[in-house]
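The next block holds one structure in the form of structure tokens; read it before the comments.
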Amino acid sequence: MAPMGIRLSPLGMAVFCLLGLGVLYHLYSGFLAGRFAFFMLSEPAAGGPETPQGSAPGGAVDLRELLAVSVLAAVRGGEEVKRVREGNVLNAKAKGKTREGAEEQLTTGDLLSNRRMFYVLKGAFPAVQINSEERVDTADQETVSWDHSIPEDIKQKIQPREVPAESVTVWIDPLDATQEYTEDLRQYVTTMVCVAVNGKPVIGVIHKPFSSYTAWAMVDGGSNVKARSSYNEKTPRIIVSRSHAGKVEQVARQTFGNKTVIIPAGGAGYKVLALLDVPEKNQEEADVYIHVTYIKKWDICAGNAVLRALGGHMTTLTGEEISYTGSDGNEGGLIATINMNHKALIEKLPDLEKTSHK
């Protein structure tokens, strides 16, 4: 019995308690919900990954940022290439043979440039697939951070553009023209980065380590390089690999006439730059770039992207577009032009396609 003879009804007590709980819920529910929301936004979900540096929420990648990092990677790799060559510590060795039976060279410059370029890109965009010419030794991992700075020329010409990370493939060529590098033919050497989206080359960076010149371009974005305006389709200057000059010369002269100029050169990056307006003293000029045998995609992807951004073309010898997914090789040779009738040139060179599979 309660004091002073008052009996408390169990039903009344229950109603009173429920009313009290309702008042407390009303007072504190907003506060608790706000704290919970703050906690969920501030902390990653248990067991879930944090948003990677360089990637936007939802697994997206900003192509402008990826272009900036690609330029940085090409320059950093070029520094290694130059340092090794100038120190004459190449340690060159054969890593195998090409399909034509020539020995492929591997140097310290290839390996150090590859490591630096790979980890610059991987540190900034860990969710993106990277295909590189040389194997990356995970035991020799290098931590490279990116400060998110974007060069002014890229800021001025390129707008941010996001694409799904899973649609992106990056192709690295840490040292293009290794054979010429061992022969100290420095003008041919480049480091290159290419970004393909759904197999199509979208970003291309070609860097010349020994002159510090860098060409970059983004399809439907902008570039820091231009196409040359003067071409002669009747007697074009055709740039080819040094080892293929004899194969191309006979067919080219039969097609275009005896005045056709054949330019033997090293490096796919150098050959693409020959089609452009490049302020380089040692850069030769050409109207058409032809390759008549199998070639790896990291050799040609960056040049393909640059040409596409400037309205040019790079296809197989039969005119097929080259996809930068799947295998790392292109079986159909290539022909590259800019400001020329690409289809007409392909029709003039039907015999070269047979050579590409040898």
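Cβ atoms are placed via backbone N, Cα and C, with glycine included.
As annotated by TrEMBL, Mg(2+) binding site applies to Glu133, Asp173, Leu175, Asp176, Asp299.
Structure coloured by features recorded in TrEMBL.
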residue: Glu133; record: Mg(2+) binding site; Cβ within 10 Å: 21
residue: Asp173; record: Mg(2+) binding site; Cβ within 10 Å: 33
residue: Leu175; record: Mg(2+) binding site; Cβ within 10 Å: 30
residue: Asp176; record: Mg(2+) binding site; Cβ within 10 Å: 29
residue: Asp299; record: Mg(2+) binding site; Cβ within 10 Å: 24
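Excluding the listed site residues Glu133, Asp173, Leu175, Asp176, Asp299, the same chain places Ile172, Pro174, Ala177, Thr178, Thr190, Thr191, Met192, Ala268, Gly269, Lys296, Trp298 with Cβ atoms within 8 Å of the centre of the Mg(2+) site Cβ atoms.
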